[in-house]
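Notes follow once the structure below has been shown.
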Amino acid sequence: MLFSTPSVAQNNTSIEAILQMPDDSSKINELNNFAFKEVTDDAHLAAEHSRYALELSEKLNYPKGKAKALLNLGYANFTLGQYVKALSFYEKAKSIRESIGDKQGVASALNNIGLVYKLQAQYAEALDAFVNSLKIRQQLGDKAGIAASVNNIGNVYETLNDYEHALLYYNQALTACQELGNEEGVAGAYNNIGNVYRSQRNTKEAFNYYQKALQIRSKIKNLRGMAESYNNIGEIYRYRNNLPEALRYHLNSLKIKKELGDQYGIAVSLNRVGDIHASQGNFAIAQLYQEEGLVYAMQMGANEEIKEIYLSLSNLSARKGDYRSAYSYYKNYVSIKDSIFNKEKTERLTQLEAHFNDEQKEARIKLLEKDQAIQNLALKEKEAQINKQRLFNALFVAGFAFIVTMVLILYRSNQQKQRANRVLEEKNVEIQEQRDDLEAKNIEIQHQKELVEYKNKEITDSILYAQRIQQAILPSLPRIRQTLPDLFVFYNPRDIVSGDFYWFTEVQASSQIILAVADCVGHGVPGAFMTVMGNALLNEIVNENRITQPSRILQELDKKVVVALHQQQYSNEFESGSSGMDIVLVNINFALQEITFAGAKQPLYHWHNNELHVVPASKFSIGTMALTEKEFTQQSFVYHKGDMIYMATDGYQDQFGGKNGKKFMTKSFKEMLARIHSQPTELQQAYVQDIFHHWKKDNQQTDDVLVMGVRL
């Protein structure tokens, strides 16, 4: 559940009384307040009254009233599922409030802008809007606004499966709403916490929180909230396979949403009801519900729900045995999913890298500061121990001298007994010192353990951020399929980030494309940094320098990698002896139906008329030193429609597995291609993936794996 927070005053004046008022700012304020309250009951009528308030505000040149009217228009359109219109109204309202210095209004507009972006699956933009809204509200001390903002930030984190941060923000929202006595907000927070537990498969906790939310919403007669609670409780029953109860709750939710005209909610409920009918074997009924839900979702441009309905329809078609439709729906699902999560723009790469470098630098500074603090603390403790020992020695000598003197003068006969007591005392002191030393060492060990855990977490977080950067530079498959519609890519990094990458570009003003698959020596973080450099150099050579001949591309790439690795102060793992890359690169000329290939250590596999042609590569790697002058060669050949080409790194062939724990080897790789080359590419990808995992089984993955197949 998201919180919408337009800033309005309470209003009990009837619309008839408001319309009879003279045309002034008071009438506009009353009209705006009435329209806001009216949205949940009749969004269309609320929009009509908001437009009237907007006309009066423009007539009287009353910017504050104009901004409120625009915000209400956005709220009404948001409720009706018209997200593009809602966003336009919210942006206009924000601009006016910024111009008049209304910070409270700017925060409300930003919050609502974030709501639209969230439902359009533009999560980065949504989070940016929510965070900016929260900053303003914290400056103003607006507790109700802060509760709404932290709730909405938690909702974005929940969508991105970051449940730890989601729960953190939801509990902040719950505490704030309880302190304010905001029952509707408390119910919303309960609902959202339940969503997180449901995502974590803790259905018992999820059900308890959903029931708490429903109890409050029923008490305050919040119909929209009740519909959401019915939906969520229905999902718990569906997870528990209690399908009759699940269907009953979802139908109750659908009924309320239709009464409210909640198009987005209707789309969600239609899909859920369809899923339940599918589970009961009522396939025809299920399809009717889900196709109707798809119409609602498409009318609103609700990408997140469109994605979910396509997946449901794909599963339904597969259960019916209609695999053609299942595949078609699944392709639509993948396309929408890619547009949501992989729509990273090339121009943002530099910003991501700079941000990553800043975080790395800041992390190193923090670690150095912590190390210095630890050293200072250790020195202070050592000095204190030395001073303590000196004091103890001085006191001991003085005491010993006093005892000896007294013994000689008064208790000479007890000399032996005193000597024994002294030895015992020394032993006790020694034992005490050993115990203190052991405790100090235990504390130091615990401290070092915590420090190592902290450093490991920071390193892991940094590597995850590097993964986001690496994913951003890879060309999206939908973009490649616009030119090469029939292809597959099996991309399976060994670690979080990969030393393998693929690259694609279209040659401007010609019917040519250039496609490459590369394997940078090493894997994990070192290999990933090599992929970033390789991608950037290929862009420079082909897109900026206009070099399209494969052999020249590799020649230039080799020179630039050698220069980069030896002019910059990389660690030993990046020096020439253990760095560089192997690559398969082709220029496909569609006009001439010709392929020109050049490779570094990795061949090109070409299937024509059920016959495999292995096109050999040069025997040098890119970026490594050689005893003789390196010269990369190229080969050209004519292709025919229906031919297959395969480009791969050596990770697949080098994987250990099978019965005897041996490598897969190139021979087995060719035999696999012989079995699959005539199949559709989507089945080829599934086969390549299944064979790899079946061969590997419980063995550790040896290297990064990348296999690409293209039907021409």
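Glycine too: its Cβ is placed from the backbone N, Cα and C atoms.
The following features are taken from TrEMBL:
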- 67-100: repeat 'TPR' (REPEAT)
- 107-140: repeat 'TPR' (REPEAT)
- 147-180: repeat 'TPR' (REPEAT)
- 187-220: repeat 'TPR' (REPEAT)
- 227-260: repeat 'TPR' (REPEAT)
- 391-411: transmembrane segment (TRANSMEM)
- 414-451: coiled coil (COILED)
- 484-712: domain 'PPM-type phosphatase' (DOMAIN)
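Panel annotation: around the repeat 'TPR' (67-100), residues 4, 6, 8, 28-29, 32, 35-36, 39-40, 43-44, 46-47, 50-51, 53-54, 57, 106, 108-110, 112-113, 115-117, 119-120, 261-264, 296, 299-302 of the same chain, lying at least six beyond its termini, place a Cβ under 8 Å from a Cβ of the stretch. Distant neighbours of the repeat 'TPR' (227-260): 1, 40, 191, 194-195, 198, 203, 206-207, 210-211, 213-214, 217, 266, 268-270, 272-273, 275-277, 279-280; these residues of the same chain sit at least 6 beyond its ends, with a Cβ under 8 Å from one of its Cβ atoms. DSSP states for the repeat 'TPR' (147-180), grouped as helix (H, G, I), strand (E, B) and coil, give 31 helix, 0 strand, 3 coil.
Residues 1, 3, 151, 154-155, 158, 161, 163, 166-167, 170-171, 173-174, 177, 226, 228-230, 232-233, 235-236, 239-240 of the same chain lie 6 or more positions beyond the ends of the repeat 'TPR' (187-220) yet place their CB under 8 Å from a CB of it. With helix defined as DSSP H, G or I and strand as E or B, the repeat 'TPR' (107-140) counts 31 helix, 0 strand, 3 coil. DSSP assignment over the repeat 'TPR' (227-260) gives 31 helix, 0 strand, 3 coil. DSSP places the residues of the repeat 'TPR' (187-220) in helix, strand and coil in these numbers: 30 helix, 0 strand, 4 coil. For the repeat 'TPR' (187-220), the mean pLDDT of the prediction comes to 93. Remark: secondary structure over the repeat 'TPR' (67-100) totals 30 helix, 0 strand, 4 coil, with classes taken from DSSP.
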